[in-house]
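Novice: Relevant sequence annotations retrieved from Swiss-Prot are reproduced here:
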- 9-11, 35-36, 57-59, 62-66, 101-107, 133-136, 140, 143: 4-CDP-2-C-methyl-D-erythritol 2-phosphate binding site (BINDING)
- 9, 11, 43: divalent metal cation binding site (BINDING)
- 35: site 'Transition state stabilizer' (SITE)
- 134: site 'Transition state stabilizer' (SITE)
């Protein structure tokens with residue numbers, strides 16, 4: 001049996017915060033705003049996994065009104081959800097991710113992101129695809145106000 005899930009997330013830039021995407025800290029003058037560490041890519045993968053197993057979304061499991069998740073490491077949140085995925089008897093088929101950002105350029109960090117996500121999902125890097133695009137200076141990402149990401153995941157019954 002196969003299950004498919006989709007995730008989407010957006011975070012605005014803010015000075016004085018680190019920029020963490022896909023579990024990798026990227027040098028940039030601004031980071032992303034969020035209750036947790038605001039890792040827009042790991043949030044989309046988490047939401048995609050939750051959607052695939054019919055368990056709602058990241059906000060249901062880790063509400064931004066709960067102080068326990070203030071500045072939480074998104075990798076830890078994904079690990080928690082991935083245990084639920086595995087407990088339900090699923091493994092990763094593949095996950096395909098897209099980051100939408102005008103700046104900074106993501107290309108130098110894509111392989112590291114893929115490796116980190118594969119590690120978190122107990123999978124091979126070949127099962128994880130991360131790509132990045134600009135929005136040709138259109139919209140909030142084009143104006144460099146923030147970053148968006150989306151992911152589609154395929155789970156397979158063990």
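Using the three backbone atoms N, Cα and C, a Cβ is placed for every residue, glycine included.
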Novice: What's the number of neighbouring CB atoms sitting within 10 A of the CB on residue 62 (4-CDP-2-C-methyl-D-erythritol 2-phosphate binding site)?
Specialist: 20
Novice: Would you mind ranking the binding-site residues 9, 66 by how many other Cβ atoms sit within 10 Å of each Cβ and giving me the lowest?
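Specialist: Per-residue Cβ counts within 10 Å for the binding-site residues 9, 66 bottom out at 66.
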Novice: What is the separation, in Å, between the Cα atoms of residue 133 (4-CDP-2-C-methyl-D-erythritol 2-phosphate binding site) and residue 11 (divalent metal cation binding site)?
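Specialist: If we compare the Cα positions of residue 133 (4-CDP-2-C-methyl-D-erythritol 2-phosphate binding site) and residue 11 (divalent metal cation binding site), the gap is 16 Å.
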Novice: Which is it, of 11, 35, 43: the one of these recorded positions whose Cβ has the most other Cβ atoms within 10 Å?
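Specialist: When each Cβ's neighbours within 10 Å are tallied, 43 tops the list.
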Novice: Counting distance between Cα atoms, which of the binding-site residues 9, 62, 140 is nearest residue 43 (divalent metal cation binding site)?
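Specialist: That would be 9, the closest of 9, 62, 140 to residue 43 (divalent metal cation binding site).
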Novice: Are there recorded positions among 11, 35, 134 that sit within 10 Å of residue 66 (4-CDP-2-C-methyl-D-erythritol 2-phosphate binding site), Cα to Cα? If so, list them; otherwise say none.
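Specialist: Qualifying among 11, 35, 134: 35.
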Novice: Which of the three DSSP states, helix, strand or coil, fits residue 43 (divalent metal cation binding site)?
Specialist: helix
Novice: Rank the recorded positions 36, 133, 134 by how many other Cβ atoms lie within 10 Å of each Cβ and give me the one with the fewest.
Specialist: 133
Novice: Whole-number Å only: compute the distance from the Cα of residue 9 (4-CDP-2-C-methyl-D-erythritol 2-phosphate binding site) to the Cα of residue 134 (site 'Transition state stabilizer').
Specialist: 16
Novice: Find the one among the binding-site residues 62, 104, 140 whose C-alpha lies closest to that of residue 35 (site 'Transition state stabilizer').
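Specialist: Closest by Cα distance to residue 35 (site 'Transition state stabilizer') among the binding-site residues 62, 104, 140: 62.
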Novice: May I ask you to report the DSSP-based helix, strand or coil state of residue 11 (divalent metal cation binding site)?
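Specialist: Residue 11 (divalent metal cation binding site) sits in a strand per DSSP.
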Novice: Would you list the other residues of this chain near divalent metal cation - those whose C-beta lies within 8 angstroms of the C-beta centroid of 9, 11, 43 - in sequence order?
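Specialist: The answer, listed by sequence position, is 10, 32, 34, 38, 39, 40, 41, 44, 148, 149.
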Novice: Which residues of the same chain, at least 6 positions away in sequence, have a Cβ lying under 8 Å from the Cβ of residue 140 (4-CDP-2-C-methyl-D-erythritol 2-phosphate binding site)?
Specialist: 10, 12, 146, 148
